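Before any comments, here is the structure.
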Amino acid sequence: MSTRYHQAASDSYLELLKEATKRDLNLSDEDGMTPTLLAAYHGNLEALEIICSRGGDPDKCDIWGNTPLHYAASNGHTHCISFLVNFGANIFALDNDLKSPLDAAASREQKECVALLDKAATVQNTMNPKRVTRLKEQALKNARKQMKECERLQERHQNKMARTYSKEDSGTISSSHSTLSRSFLSTTSAGRFGSLSKGIKDTFKIKSKKNKDTTEQLEKDGRSGQRPVMEVFREEEEDSFPKDFKEKLHFSVEEDDDVQHESILNRPGLGSIVFSRNRVLDFEDISDSKRELGFKMPSELFQRQGAAGTVEEEEEEEEEEEEEKREANGTAGDLPWDEEEVEWEEDAVDATPLEVFLQSQHLEEFLPIFMREQIDLEALLLCSDEDLQNIHMQLGPRKKVLSAIDKRKQVLQQPGQLVDTSL
């Protein structure tokens, strides 16, 4: 996971790196790159000094086994190589191809880096050959472990790509099948429905012609023997109709109305009892559901009100218990802070005496210089103006450091009285 400290190490943004913790400086991104590796890759010496002084691991590698020395040697950053060698980085570290930083510099034809690493290797071989053999064995062991880790990551990535590729293939095949089936269905349905509609239209035309011919013939035959309409009924003959005929006529009209209203249920061959029974059952179900709702609603409302009342009673009891605890522990309320809100920094790194001394005198920017020369607080108190001049410190910083040393010596010689301070 890439963080802002990775970007600060790449861009040599020193103010942000001074706030980083040991965990932040050793956190790897997707490629296994840490801020230490990025600072060595880009040749940012000041950023590399701050990172290593705040706990950055100079021997941590990426997924390909490259350490900060590998990147500095490959890109020709001699100043970073000299700092890492003096800081104690393993110059015999191996990558996944079992190549050391010296081999990486030789493959890129970085002659100065090759000479610097060769000189450091000869010095370590002459001074402590047992330590050199132990470092080489450890480097080989770490390289084999890193190779297995890299193979596992590659296998996982290949399986993931294969799954995504198979999903894409299945999606394209299904889409092609669906398009083919749709086109086939559309063509067949269009042909069938077109022929059917054409046949239906032809039959309707033929029937309409026949109906017209028959109606015309019937009208002609009927009109030949009919009387005019005005001659059929007269006002004088209206009262002469018998009452039985009128009652029959009225009854026939009512029957026609009943037939028209009951035509939905009275179907020939289906049965009117089935439909009417279903209608009756539907009404009964609706009435039963209404009754159930009518019985359920009040009980649910009473339950909710009771639950709300119980919740309020529980809250009041909890508040009373808290007040009793506060009264019993009277000292807890006297504290000016809340102990639960106090947050402790988990990743805080224990500062060295030299770092504490420089921080107290506002001289923390000179810490990388002393770390590079392996100077601790005791050695710094023994340094003179000439010693500081030999490590290439300028006049202004030398005067500040010397005055701070004098103040410390005076305080140690004449310590003051211990006095309690108020919070």
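Here the Cβ of each residue, glycine as well, is placed from N, Cα and C on the backbone.
The model shown is predicted, which means the values in this text are computed figures rather than measured ones.
Under the heading region 'Mediates localization to microvilli', Swiss-Prot lists 1-251.
Helix, strand and coil counts under DSSP for the repeat 'ANK 1' (31-60) come to 17 helix, 0 strand, 13 coil. Annotation comment: Swiss-Prot describes 31-60 as repeat 'ANK 1'.
Among the features that Swiss-Prot reports, repeat 'ANK 2' is placed at 64-93. Distant neighbours of the repeat 'ANK 2' (64-93): 32, 36-37, 39-41, 43, 45, 48-49, 52, 58, 99-102, 104-105, 107-108, 110, 112-114, 116-117, 120-121, 124, 132, 135-136, 138-139, 142-143, 146-147, 150, 371-374; these residues of the same chain sit at least 6 beyond its ends, with a Cβ under 8 Å from one of its Cβ atoms.
Per-residue pLDDT, averaged along the repeat 'ANK 3' (97-126), amounts to 93 for this model. Annotation comment: Swiss-Prot describes 97-126 as repeat 'ANK 3'.
Positions annotated as coiled coil by Swiss-Prot, on the basis of sequence analysis: 130-169 (among others). Outside the coiled coil (130-169) by six or more residues, the chain places 61, 63-65, 90, 92-96, 98, 100, 121, 124 with a CB less than 8 A from a CB of the stretch.
The region 'Disordered' feature in Swiss-Prot is assigned to 158-181 (among others).
Annotation comment: Swiss-Prot describes 207-227 (among others) as region 'Disordered'.
The feature region 'Mediates interaction with MYO7B' is assigned by Swiss-Prot to 253-352, with experimental evidence given as support.
The feature coiled coil is assigned by Swiss-Prot to 301-335 (among others), with sequence analysis given as support.
Taken from Swiss-Prot, the feature region 'Disordered' covers 303-335 (among others).
Taken from Swiss-Prot, the feature compositional bias 'Acidic residues' covers 311-324.
Within its own chain, the repeat 'ANK 3' (97-126) has Cβ neighbours under 8 Å at 65-67, 69-70, 72-78, 81-82, 85, 91, 132, 139-140, 143, counting only residues six or more beyond its boundaries. Taking DSSP states H, G and I as helix and E and B as strand, the repeat 'ANK 3' (97-126) has 23 helix, 0 strand, 7 coil.
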